[in-house]
Amino acid sequence: MNDATRTSTTPPALPMPDLRDSFPGPFPASAHADDIERHATQWLRTFPLIRSERALSALTHITGQGVARTFPTAGRDELFLCADLFLWLTAFDDAHGEATGAADPARLLRTTSEYVHLLAGHHEPPGGPSVFGAALRDLLDRYGERATPAQYARLTAHLRDNLFGILWEAHHLHRPDRVTLPDYLAMRPHTVFVRTVVATAEVMLGYELTEPDRSSEPVRELETAVADLAGWINDLASYAKETARDGSATLGLPALLMRQHECDLEEAFRRASLMCEQQAAVAAARIAELTAGGGPLADHAHALRSVASSYVWHIDDSRYRT
């Protein structure tokens with residue numbers, strides 16, 4: 001077993017993926033981790049998206065440490081922007097998605113209309129901005145100052161995907177039997193926000209892919225493998241916490257594998273761990289292929305390696321402990 005990928009929330013009897021061959025640690029981290037955490041705390045004072053001081057402290061800590069590992073070579077201001085984007089998504093999901101959204105999906109749908117309005121380029125939503133709307137406007141303004149029009153369009157498209165993913169998850173949370181395993185695997189990258197993080201990489205690190213490179217098979221396969229890996233290891237790491245909080249974790253990879261294969265929890269974890277290891281190997285192979293040639297493709301491969309490594313690292317953080 002790989003200690004880097006094991007979390008204390010998972011009972012020792014349950015298998016966890018061994019990712020040492022594909023993503024060996026230790027993982028490099030930016031020297032700005034503490035600065036990111038301090039900035040994140042201040043940003044959440046300016047835009048009070050989280051009411052609980054304990055939750056705020058936990059989220060700013062994992063964000064500071066996680067973003068420092070996601071883009072370890074990025075500049076300080078770029079790291080702040082990436083952290084704030086992750087804070088917004090996570091705080092919105094905690095406040096309006098999951099169990100809250102499942103209790104009233106129609107209200108969640110009405111809430112998201114303000115953000116769709118802003119993402120479409122309208123500066124003032126009808127009725128004025130909420131605190132989440134004001135925070136999103138701040139993020140979009142700052143990102144727009146750094147990004148090309150194409151990069152900005154990609155980010156806003158992924159943010160819309162995230163909003164849809166949160167709504168999708170809330171809609172199905174109390175009726176997971178309606179969700180097939182292929183449906184879940186297709187949606188999970190959007191609910192774990194990893195494709196949005198990947199979409200920021202070019203701006204964070206100062207490179208730009210051509211459209212032919214972006215649509216090439218090696219890049220698409222690498223991004224898919226990293227997106228899958230992020231969601232799946234998150235599901236394994238958070239399983240015990242979700243079970244302790246809600247009594248079950250029925251809309252997640254282990255539960256869906258148990259239903260699909262009519263197996264017990266240990267076998268589901270074993271199957272999920274193998275899935276993680278296989279996708280990690282795919283990602284590592286594509287990273288090696290793309291870094292060999294240099295240029296923006298190599299920059300992108302290095303960025304994806306750091307993104308994947310950050311998910312491998314952060315699943316052991318206290319945010320996932322019961």
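Cβ coordinates are placed from backbone N, Cα and C, and glycine is handled just like the others.
From a predicted model like this one, the values you see are computed outputs, not experimental measurements.
Now, the feature entries from Swiss-Prot:
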REGION    1-26  region 'Disordered'
COMPBIAS  1-11  compositional bias 'Polar residues'
BINDING   Asp93, Glu98  Mg(2+) 1 binding site
MOTIF     93-98  motif 'DDXXXE motif'
BINDING   Glu98  Mg(2+) 2 binding site
BINDING   Arg188, Lys241, Arg319, Tyr320  substrate binding site
BINDING   Asn234, Ser238, Glu242  Mg(2+) 3 binding site
MOTIF     234-242  motif 'NXXXSXXXE motif'
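Residue counts for the motif 'DDXXXE motif' (93-98) under DSSP (helix as H, G, I; strand as E, B; rest coil) come to 5 helix, 0 strand, 1 coil. In the predicted structure, the motif 'NXXXSXXXE motif' (234-242) carries a mean pLDDT of 86. Its Cβ taken as reference, Arg188 (substrate binding site) is surrounded by 21 other Cβ atoms within 10 Å in the chains shown. The two recorded residues Asn234 (Mg(2+) 3 binding site) and Arg188 (substrate binding site) have their Cα atoms spaced 10 Å from each other. The two recorded residues Glu98 (Mg(2+) 1 binding site) and Arg188 (substrate binding site) have their Cα atoms spaced 14 Å from each other. Note on the motif 'NXXXSXXXE motif' (234-242): DSSP counts are 9 helix, 0 strand, 0 coil. For the pair Asp93 (Mg(2+) 1 binding site) and Arg188 (substrate binding site), the C-alpha distance works out to 14 angstrom.
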